[in-house]
C-alpha cells in the first residue's frame with residue numbers, strides 16, 4: 001500500500017497522511033511564533049517547509065517532533081497523539097536539529113555508537129560503520145567531533161537521525177551554511193531516503209533546495225502557512241510570469257515610463273539595471289525593446305528568468321525570501 | 001551496556017579528553033601539592049624558629065616549654081619580649097610565644113607571628129596552638145598541667161604537606177562539583193545538546209544522573225591521584241580507613257554538584273556560569289581551611305568560615321586522613337554535606353530549565 005500512497009501524493013495531497021497537524025499555535029510571551037498551522041504530510045514523500053528566518057519553521061517542526069509543547073492545536077504522527085504522548089514517537093522518528101551541537105570530545109564512531117545505545121538499537125561496530133559509510137564519514141571514524149567541518153558535522157547529525165532506522169526523518173535546515181558541493185552531497189543522501197520509502201520533512205530557506213528535493217512545499221511566513229502544494233504547481237499558479245533584467249545604454253528612461261509599457265506589472269532600477277516584472281514576457285519584451293529604440297538608446301544586456309518558488313514567495317508575501 | 005552506563009562512561013571519557021577540565025580538576029591541584037610539598041620541606045617536617053617569652057612564670061608555661069623543646073619541629077629561643085619581637089621583625093623567628101601571668105594568677109599566652117611569611121607562620125601557629133589547647137584541656141580537668149606526655153605531641157606534629165593534601169583534595173572536589181556541573185549543564189543546554197537528547201527515548205533525568213555519576217568517578221580519581229602523589233613524594237600516611245574517606249569524598253562531591261546545579265539554573269551561558277561558579281568557589285578556597293587553619297582567620301571572618309560547606313568537608317577529610325578518625329566521629333560533617341546536597345537540589349530545581357531561554 002505504501003508505494004501506492006507515495007505515488008498518489010503527487011496528484012492527491014490528502015491521501016493517507018502519516019503526519020497531520022491542525023491549528024498549531026505557539027506563543028513566546030507576546031510573540032506568536034506559530035499561528036494556526038495546518039499540515040498534512042503523506043507517507044513516503046519529501047515535504048518541505050519553506051520560509052525566511054523567523055517564519056516559525058523550526059518551532060513548527062520541533063513541536064511535531066514532540067520537543068516543544070504547543071499552546072494550541074493537535075499533532076498526530078504515525079497514529080500517535082504527539083501533544084499528549086511525545087515519548088511514544090521518539091523511537092520511530094529520526095531528528096536532525098537546526099543547531100548541530102554534539103559532544104565534541106568523542107570520536108565520530110563513539111558518538112554514533114552512543115546515540116545507538118540511547119535509542120536502544122543495535123550499536124554494534126559493523127552497523128555503526130555502515131551508517132558512517134552511508135554519509136561518507138568512514139575516513140573520519142576515529143576523528144574527534146570537534147575537528148569536523150560544517151558539512152561533515154551535518155552529515156554526522158544526519159547519520160544520528162538515521163541511527164534508529166526511522167520511518168519518518170525530520171531535517172531542520174540540513175544545508176544551511178554549507179558550500180555548494182557539500183549541499184549537493186546532502187541532497188543525494190536525502191534523495192536516497194526517499195528511495196527507501198522513508199517520509200522526510202525538512203525546513204529550508206533555500207528555494208532551489210525546496211524545488212530540487214521536495215514533492216510538496218508549505219510556504220511559511222510570520223507563523224502561518226500561506227500555500228502548500230507541489231513546487232511546480234505553486235509556480236504554475238502564477239501563470240507564465242517572468243522577470244526581465246536589462247542594462248540600458250543611451251537616454252535614461254524613468255521608472256514610470258517603463259511601468260506603463262504593455263505587459264509590465266512593476267518596474268524598478270536596481271544598481272543601474274532595470275528590473276521588470278511581467279505576466280506576459282513576450283509582450284513586455286517587445287514593448288521594452290521598441291521603447292528603448294524609440295528613445296534612441298539600445299539594450300546592452302538582457303536576461304529573462306521564468307518564475308521560481310522565489311516568485312511564489314514574493315507573490316504571497318510581497319517580499320523576497322532572500323532579503 | 002545500559003544507556004546509563006554508556007552515557008556515564010562517555011562523560012568520563014569526555015572529561016579526561018578535555019584539556020581545560022583536566023588542568024583545573026587534576027593538574028592544578030596536583031601542582032599545588034607538589035610545589036608546596038617541596039617548598040615547605042617534607043622528610044623532617046617544617047623546622048620552626050620559635051621564641052618563647054616569660055615561660056618561667058608558672059609551672060604550666062614551663063611544662064609547655066619543656067614539651068615544645070622535645071619536639072623536633074621547634075627550635076626554641078628564650079628571651080625578653082623586646083628582643084624576641086625584634087628577632088621576629090628581622091625574620092629570625094617564625095613565631096613568638098609570650099606568656100603573661102595576670103595578678104589574678106591566670107596565665108595567658110599570646111602568639112606573635114610574621115605576617116610577611118604568612119603561610120609558614122600559620123603552620124607554626126597551628127602547631128603552637130595545639131600545645132596550648134592541650135594544656136588548657138589538662139587544666140580544665142584539674143590535672144597538674146605540667147604532666148603532658150611527649151608521645152601525644154609527636155602524633156599531632158603536623159607537617160604542612162599532611163595538612164595541605166586533604167585541603168587540596170577538598171578544594172578539587174568543590175571545583176569538580178560546582179564548576180563541572182554548572183558549566184557542563186549550561187553548555188549542554190545552550191548548545192542544544194539537551195534538546196537532541198530529548199529527541200531520543202533516553203530520559204533526560206538519566207542523562208543528568210549519568211553526569212553526576214561521572215563527576216563522582218572524577219572525584220574518586222582526584223582522591224586517588226592527590227593522596228597517591230603525597231604518599232609517593234612526601235611519605236604521607238593515611239591514618240584513617242578508606243571507606244570513611246570514600247563516604248566523605250562522595251558526599252562532598254554531591255554537595256558541591258548540588259551547588260553547581262543551582263548555578264546552572266541561574267545562568268544563561270557558559271561564560272556567566274563559569275564566572276558565577278568561580279565567584280562562589282573562590283572565597284571558600286581561602287576561608288575554609290584549605291591552605292591554613294580556619295581558626296587563624298580574623299575573628300570577623302569566623303562566622304563566614306562556619307557557613308562554608310567546604311570548611312566541613314576539609315575538616316572531615318583532615319580528621320580521617322591525618323588523625324585516623326572514621327565516619328563514626330565525622331558524621332556531623334557528613335550530615336552537613338548531605339544537607340547541602342538536599343537543600344541545593346531543592347533550590348536548584350526551582351530555577352532549573354531544560355530549555356535555553358526562548359527568543
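Each Cβ is built from the backbone N, Cα and C atoms, and glycine gets one as well.
If you look up TrEMBL, you'll see B:126-355 marked as domain 'ABC transmembrane type-2'. Taken from TrEMBL, the feature transmembrane segment covers B:21-40, B:163-186, B:207-230, B:242-263, B:275-294, B:334-352.
Counted over residue pairs 6 or more apart, the CB atoms of the transmembrane segment (B:334-352) and the transmembrane segment (B:242-263) come under 8 Å in at least three pairs, which marks the two as touching.
Highest Cβ contact count with the transmembrane segment (B:242-263) among the listed stretches B:21-40, B:163-186, B:275-294 falls to B:163-186 (criterion: pairs under 8 Å). Panel annotation: around the transmembrane segment (B:21-40), residues 15, 46, 119-120, 123, 159-161, 164-165, 168-169, 171-172, 175-176, 179-180, 218, 221-222, 225-226, 229-230, 233-234 of the same chain, lying at least six beyond its termini, place a Cβ under 8 Å from a Cβ of the stretch.
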